[in-house]
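Colleague: Let me give you the structure first, and then I'll get to my questions.
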């Protein structure tokens, strides 16, 4: 049994353990970790499967949530599966976790359940006042595999819903973020159906999130995802923001990656430890 989010460890201690050699790569990684350690004291390792970008982002968002985001409060939120399925029957081909071949009615109900669960967990955790109790609640949630993977299904569906909206906006001549053009410029995702069929249906099972899909996740959650990309240390891309022109009122979560495939999370901002 693997922990989804492992306990805190000192960042530099973790770095020394992982990057001992004197290769150029090891030196660059150590420099990258030193830069992160200027801001954060500890790191928590995220379980390394194809859901790790979801796991890291959602854990960070929940562990600092103080209120339910407005999009989670809306009446339409839990009606999304029904509304989208009534307009796009190809969504019947949505691949539910470990449940291939689920019928249309069931798909709508299942996804609705996941969305309701996401709202409930977010609300419960955001209402916890004490930071220690909040962390405990997050740790507990991410030890419950059934619930955890249901939340990732909810996130994937929100990404699909967001992609459909952006695609339609683009086709109708409305302004869309640059990443939206890039997302639909790929041979494998020139429209939302292909995005679902070739990408979203496989995320978590056989593939993780690609760069352009990190933007889509950020838009779906209305969060800015800040990533320390350690192998890009000393370049303009060392700290990358998804999206790179974030809305001012979007909350910020921070992740760390060594290779754009696996993500861990930095915790305990140094200002707090100084205080």
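In case you wondered, yes, glycine gets a Cβ from its N, Cα and C as well.
Grabbed the feature section from TrEMBL, which reads as follows:
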- 49: active site (ACT_SITE)
- 52: active site, nucleophile (ACT_SITE)
- 262: active site (ACT_SITE)
- 237: site 'Linear diubiquitin binding' (SITE)
Colleague: Take the C-alpha atoms of the residue listed as 'active site, nucleophile' and residue 262 (active site) and report the distance between them in angstrom, rounded.
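Modeller: Computed Cα spacing between the residue listed as 'active site, nucleophile' and residue 262 (active site) is 6 Å.
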Colleague: Measure the Cβ-based neighbour count of residue 49 (active site), defined as the other Cβ atoms within 10 Å of its Cβ.
Modeller: 13
Colleague: Any idea what the Cα distance is from residue 237 (site 'Linear diubiquitin binding') over to residue 262 (active site), rounded to a whole Å?
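Modeller: If we compare the Cα positions of residue 237 (site 'Linear diubiquitin binding') and residue 262 (active site), the gap is 17 Å.
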Colleague: For residue 237 (site 'Linear diubiquitin binding'), just count the other CB atoms lying within 10 A of its CB, please.
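Modeller: Summing over all protein chains shown, residue 237 (site 'Linear diubiquitin binding') has 12 other Cβ atoms within 10 Å.
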Colleague: Determine the Cβ neighbour count for residue 52 (active site, nucleophile): the number of other Cβ atoms within 10 Å of its Cβ.
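Modeller: Its Cβ shell of radius 10 Å holds 22 other Cβ atoms.
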Colleague: Can you give me the Cα-Cα distance between residue 262 (active site) and residue 49 (active site) in Å, rounded to a whole number?
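Modeller: So the Cα of residue 49 (active site) lies 8 Å away from that of residue 262 (active site).
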Colleague: Using a 10 Å radius around its CB, how many other CB atoms surround residue 262 (active site)?
Modeller: 18
